[in-house]
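First comes the structure, then the notes that go with it.
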Amino acid sequence: MLVCGKGFLKCRAPGVPFFCDKRKSFFTKTKRGFHSLPLGTGVRVYFNNNLRYSSNSIEVVEKAAINMGSKEDKADNPALSSYDDAMEALSTLISRRNRGDRTPTKGNRDKLEQVVTYLKILDLEDKIKELKVIHVAGTKGKGSTCVFSEAILRNCGFRTGMFTSPHLIDVRERFRIDGLDISEEKFLQYFWECWKLLKEKAVDGLTMPPLFQFLTVLAFKIFVCEKVDVAVIEVGLGGKLDSTNVIQKPVVCGIASLGMDHMDILGNTLADIAFHKAGIFKPQIPAFTVPQLSEAMDVLQKTANNLEVPLEVVAPLEPKKLDGVTLGLSGDHQLVNAGLAVSLSRCWLQRTGNWKKIFPNESKETEIPVAFCRGLATARLHGRAQVVHDVVSDPQDSSDSMETPCGDLIFYLDGAHSPESMEACGRWFSSAVRGDKSLSTAVNGYMRHGEYGTDLNRVSKQILLFNCMEVRDPQVLLPKLVTTCASSGTHFSRALFVPSMSTYNKVISGASAIPSDTRRKDLTWQFRLQRLWEKSIQGTDAGLDHTLKPDGITALPPHDFLCGDAPQCGGPAGTPVTSSAVMPSLPLTINWLRDCVRRNPSLKLEVLVTGSLHLVGDVLRLLKR
């Protein structure tokens, strides 16, 4: 447990819980007690179990850091100023086209040829051939698969590099070395080296690369210079024409679960999407995938046959094989991703000649080595099935007493934005909120706790905080979430729809100032989401106020708005009661939720944040402040 107070970070039983099932302990026990680390040293502390695990031992090292403060407070810091300059430079590479205006990728290989040209300019074309790459594509679960694979191989003693997308708070999240985001110093070193060389060559018709292409070549630059043993590369979008597909001879390829997403670019059928994903297959290079619908599987198998690729379908990991260890990423669906990661990691070790060196006594393919279990248990990925207990205090209390988590406001964050991932999100959230309520009884969407402490009537309410991009289909996403949760006995008391805080035409850092949201925003999209929600819940939107103008909301709902009961899907007909609200801004919404639990200490709010990774990242930024 990490508690911040009086200028020190106090670590209670530092590290992670012990894995003692079946008398096996994966972590060296440490003496319980408080240990203090001075704050204000420029190091960053993430309070959400973002831990570093040494590649050479089982030692667990807390990833230290604190909020760097506002941009203004650090204006005279050369390192931070240079980092802001880098963010400004990156922002100039963002395409101004809307996603719906993108040209379909079929048959167009100009983009890959450009990436190869940029690699030549940076003298990386031949050097990246020496990288031992695991290349992963997919619709749902490719990021988790990469994280599991990286953690497994790091715990086997290898120096790891991992490139994933998108980032939630800071662009450095996309580049991990040995399980940690690359440092600002190294990021700036490699960034400016690439930037200056490419800028010098941006003549005679060769332009600077778009943002993702630049980040891709930057990742290769980092991994080559850092001399990683393994580079785990996540496809950005699709596969066949993705910027990462300049990798000609990966060690092994993986395809995570496929579904309907990015249809404006990849096509409107599952077969079209599978065609693009299978584009990362290389002749005679082993590939693994998970169980797929037949329409997708047929395309994957046909592509594999044409390229003489040995393609293996991997079953979800059986929990009993973990010997009592819990996966580091929550949700039953992660067993699918973990199974794929185990196969990818095992194949990588075998093809690089390391398997027998590290595991000379492991003869059975079905057994999972202890180092693999350790990696699976310690994998971390922000914004996917992540739980954050907010620290709520009285702003009028000026005493020096330490802030303590009151347990009244808990955020459940998952960046689900496709029908398949929304269903998985609903199952995870329902399971998570039931986890500590086994002694309680559900009453119309909330839980009454009478077994502990002096609060005999503690009320838990499930709240939805939602936004999605306009290219998504909320008519599919919202009903999928509602029905999945309802089937598990979880009903949302209220739903809150918020506008985006992210600036899509600018790359920001974790230390960037948060927008003040003083300007009124166009909330037309949020009102549409609200109408779809009310129809999903009550079959009508008659309870909504249609006189409100989309740009006219400045007020927040009364605090007792959250005290109502959860409406039941398909309930008896009658006068509908509005179970949702459109909020003017995200920062105001977070403060309003905090005010609600301050005013009612017996209220426990369990807030599911989903629909967009951008929304999840924005909430995490606000919770860090």
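Just so you know, glycine gets a Cβ as well, placed from its N, Cα and C.
Under the DSSP three-state reduction, G143 (ATP binding site) is assigned to helix. Spatially close to G143 (ATP binding site) yet at least six residues away along the chain are T164, E234, L381, R384, judged by Cβ distances under 8 angstroms. The ATP binding site annotation in Swiss-Prot covers G141, K142, G143, S144, R384, D414 and rests on similarity to another entry.
Feature annotation from Swiss-Prot assigns Mg(2+) 1 binding site to S165, E234. Around E234 (Mg(2+) 1 binding site), a 10 Å sphere centred on its CB holds 26 further CB atoms from the protein chains shown. Under the DSSP three-state reduction, E234 (Mg(2+) 1 binding site) is assigned to strand.
The Cβ of H262 (Mg(2+) 2 binding site) has L237, G238, I273 as same-chain neighbours under 8 Å, each 6 or more residues away in sequence. Look at Swiss-Prot and you will find H262 tagged as Mg(2+) 2 binding site.
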Most crowded position, judged by CB atoms within 10 A, among K142, R384 as binding-site residues: R384
For ATP, whose listed binding residues are G141, K142, G143, S144, R384, D414, the greatest C-alpha pairwise distance in Å: 15
Rounded inter-Cα distance in Å - S165 (Mg(2+) 1 binding site), K142 (ATP binding site): 10
Environment of G141, K142, G143, S144, R384, D414, the listed ATP site - residues of the same chain whose CB lies within 8 A of the CB centroid: K140, T145, V147, A256, L329, N337, L381, S421
Local backbone state of R384 (ATP binding site), from DSSP in three classes: coil
Fewest other C-beta atoms within 10 angstroms, as judged across S144, S165, which are the binding-site residues: S165
